[in-house]
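As recorded in Swiss-Prot, the features of this protein are as follows:
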DOMAIN    54-133  domain 'Core-binding (CB)'
DOMAIN    168-331  domain 'Tyr recombinase'
ACT_SITE  Arg201  active site
ACT_SITE  Lys226  active site
ACT_SITE  His308  active site
ACT_SITE  Tyr318  active site, O-(3'-phospho-DNA)-tyrosine intermediate
Amino acid sequence: MATIIKNGKRWHAQVRKFGVSKSAIFLTQADAKKWAEMLEKQLESGKYNEIPDITLDELIDKYLKEVTVTKRGKREERIRLLRLSRTPLAAISLQEIGKAHFREWRNQRLKEVSPTTVLRERSSLSALMAKTIEWDFITENPLKYLEKPKAPAPRTRRYNEHEIERLIFVSGYDVEHIEPPKTLQNCTGAAFLFAIETAMRAGEIASLTWNNINFEKRTTFLPITKNGHSRTVPLSVKAIEILQHLTSVKTESDPRVFQMEARQLDHNFRKLKKMEGLENANLHFHDTRRERLAEKVDVMVLAKISGHRDLSILQNTYYAPDMAEGYKTKAGYDLTPTKGLSQRNFFFFNENFIVFTTNPPIVIKL
């Protein structure tokens, strides 16, 4: 029989059954009752597994050492989880932690940071708790029924020509391609222009190697991307010119085209913005992905170029249907959309097929 008693602002629950005596403290009476009922059912069915008496902080440490280190996005996840380990939530025992604790954490974080940041941290926490279930420490993810913060509207900020010119000027990159880039600052300017021409992510640009560039076909192959899939990106005339300019500083010791890590690219770009007085202009390097390609390329083709798996994100955030003059572009592409089809016909999309809900359905193999 469970005993639930209020002690100050908290609720103390105790279960004694079949020789097992367990207790825990909760923020709400409802959470205390739920825990007690779940424990009693487990004891009655013989499925009871004792939850180890470790704190969330200790659990985070185990997860970082065994799981995070195996991920491609380990740096970002490590930063988020270490930040969580410094919150009051981290000191709570796994035997006691419940939805109310996570709700209190969520509400407090929303006072400190943006909903987007909270969503990312919540995602890392949820992955941590899911792994905890796999380790047989708990049987249910306490975040499962916790309401997510409402995501903000997609970013639509785009660079204007004046901002592009200012950033290139302060980088010292020679757009006339006479003087080769000599510093990381110069290379950052080149990477910025290359991003505008290709819609590639900063990490993809930083990891781009010479052996994956085909000058004859005017393409570059990305063996691994953010979503875990490879893709081939067509290169515009300007993108090819930038790459040809960078061949003058190509070295045998470093196969990377821009010779810097993603962190260096991010740091140097922030430095350029500060030098030019644009640090408060609400501009991110990632905003280059909605620049010229969004103006010139059909949304279906753009999805294949940019690597987006979700067409709704692409259309809401990046796509600008300003294509009245056709698809023969200054960038060097000749991309004519399939006649008779539109985004309204869209039904399903992945890296292999586009299926349209016409009658009869049309399947296009990519």
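Heads up, the Cβ atoms here are built off N, Cα and C, so glycines get one too.
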Fill in the blank from the handout: Arg201 (active site) has its Cβ surrounded, within 10 angstroms, by a count of other Cβ atoms equal to 20
Practice task
For the domain 'Core-binding (CB)' (54-133), jot down how many residues DSSP puts in helix, in strand and in coil.
Solution key: 62 helix, 2 strand, 16 coil
Fill in the blank from the handout: Once DSSP output is merged into helix, strand and coil, Arg201 (active site) belongs to coil
Handout entry: Segment confidence, the domain 'Tyr recombinase' (168-331), expressed as mean pLDDT
Key = 78
